[in-house]
Each structure stands twice: as C-alpha cells, then as structure tokens.
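Record features (TrEMBL):
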TRANSMEM  7-28  transmembrane segment
DOMAIN    65-279  domain 'ABC transmembrane type-1'
TRANSMEM  71-90  transmembrane segment
TRANSMEM  102-122  transmembrane segment
TRANSMEM  152-177  transmembrane segment
TRANSMEM  198-223  transmembrane segment
TRANSMEM  261-279  transmembrane segment
Amino acid sequence: MARTEWAGYWFILPAAITLILLVTYPLIYGAYISFFNTNLVNKWDFVGLSHYLDIFSNWDFVTRIWLTLKYTFFTVAGHFVLGMGLALVLNMNLPGRTFFRAILILPWLLPEVVVGLLWKWLFNPMYGLFNHFLMKMNLISEPVSWLGDTTYAFVAIIIVCIWKGYPMVMMLLLAGLQSISQDMYEAAKIDGCNRFKSFRYVTLPSLMPVLVVTLILDTVWWFKHFTMIWILTQGGPGDATNVVSIDIFKNAFEFFDFGKAAAMAVIVFFVCFLIGFVYRRLFDNGND
C-alpha cells in the first residue's frame, strides 16, 4: 500500500485507540465477568449462565425493566413535545430568538449532578420553592414530600429529566428545520396547504432522518440513565423509582455482586440495541 494511502489510517488511529480503550474493552470485559461470581480481586468462580438464569427467573428484574420503559417513554415523549414546539418557535423570524436559544439550551449545559441537587432543593418539603409557591396560591394546605411519596416521586424524576434533556432534542430538530428549503413551503402554499398541512406534508417528511437519529439517541440515553435519579431518590421511596440502572449500581457497589451486575448490564445493552433496531425498522418501512 502506498504511503499516501496509509495517511488516512494514521489520522483515525488516535480515535480508534480511544474507542477501543473506553468502549470496546469495557464491553468485552463486562460480558466476560458476567459468567463469574467475582469480587474482581481474588475470587473468580465460573458460574456460566447462572447469573442470567437467576435474573430472568426473578420477576423483580422484569418489573425494573418495565418501570424503566415507562420512565423512558414519558421522558422521551416530553423531550419531543417540548423540543419540537420550541424548535418551531425558534425557527421563526422573531426578535430576540438568538437570546432565547442561548437561554433555552442552558439545562443541557449544566452538569447532571448540579441539576439533580438543584431540583432536590426545589422539591424539599420543608424549604423548597415548589411547596412555598403552591401554599401561597392555596393549591395545597400542607407541604408535599415530592421525592418521599410513592405517588409523586416517579412523576418528579420525569419532570426533572424532561427539563434536563429537552434542549438536545430542540437543537437537533432546529438544525433540521433550518436545512429545509423555503421553496418547499412556498410550493405547498401555492398548492393550498395551510400551516398544519405544510407541517404534515413538508416539515415532518423532511425531518424524518433527524427525528429517527434523535429518537434513537434520546431513548437509549435515558433508558440507561442513572445520575440524577440516584441524586434525587436513590431508587426510592420503596421501589417507586428503582429503574434498572439503579439496580445494577446497587448490585455492584452495595452488594458487591459484580458478576450479576455485569449480566444485568449486558441485558440492558441488548435491550438498547433492540430499541434502536425496532425504531430503524419502523421508520424505514414508513419511508418505503
């Protein structure tokens, strides 16, 4: 191979090494230790598929997966409703839209730990702002434990995660909207399309590639999300917010059952892969 032909490989080598070290190796190692009962130091008892059989024979894990799917569905739906609405508004030729773009993207720029602690303070039953304003407006008569009540905790973490994640969807959809030629809208207007029909027959089909990629990224990201839920509730109260990522963490770092935690992580990997595959098949069939 000529020297010039090797140049491209040398350019991608640093990225390839980084990918192998940070992604490929941990995936392989995680799958490997899922076949062992291990403490990662001096105990390596081979158990084969025992962890997987235990997981699938335990109804609690299925319950965690179902809870995680519900949490992911409502979170992603909130992202797309809010993100699409704001993207459509910011795509209009309105005064101050640059300022509002900068403001509306702030939740995504804030670290997840900061967001979790901020909302935990807002939800505090003793001195949180939510209870303060709701009591001032006579909507509630006494403080509500938003994160300590099984009725409200699940809804509370969904609200927080929607607030944190909508800017990414908003910016991706806004970029897609700005790539649509105005000539298409003018042609639709000449054909008698109102705004709703223009959105249905011009905007949505043109946005479909962006929508598919954004939907896959957003769903996979929030299905395996951990940080803010742990900061807000640590999976409680009871099992109200004990999504599968919390369960994996507890098995690994509270019960030190690294083999079982790795097996659960492998299952989550394949669930995320399946979600992406189903999305692609559905939207590809729709495009055909």
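Glycine is no exception: its Cβ is also placed from the backbone N, Cα and C atoms.
Of the candidate ranges 71-90, 152-177, 198-223, 261-279, 152-177 contributes the most Cβ pairs within a distance under 8 Å of the transmembrane segment (102-122). Within the same chain, residues 97, 100-101, 104, 154, 157-158, 161-162, 165-174, 177, 215, 218-219, 222-223, 241, 243 sit at least 6 positions outside the transmembrane segment (71-90) and bring their C-beta atoms closer than 8 Å to a C-beta of that stretch. Counting residues 6+ beyond its ends, the transmembrane segment (261-279) has Cβ neighbours under 8 Å at 27, 30-31, 33-34, 51-52, 55, 61, 65, 212, 215-216, 219-220, 223-224, 244-245, 247-249, 251-252 in the same chain.
Proximity of distant same-chain residues to the transmembrane segment (7-28), defined by a Cβ-Cβ separation under 8 Å and at least 6 residues beyond the stretch ends, is recorded for 269.
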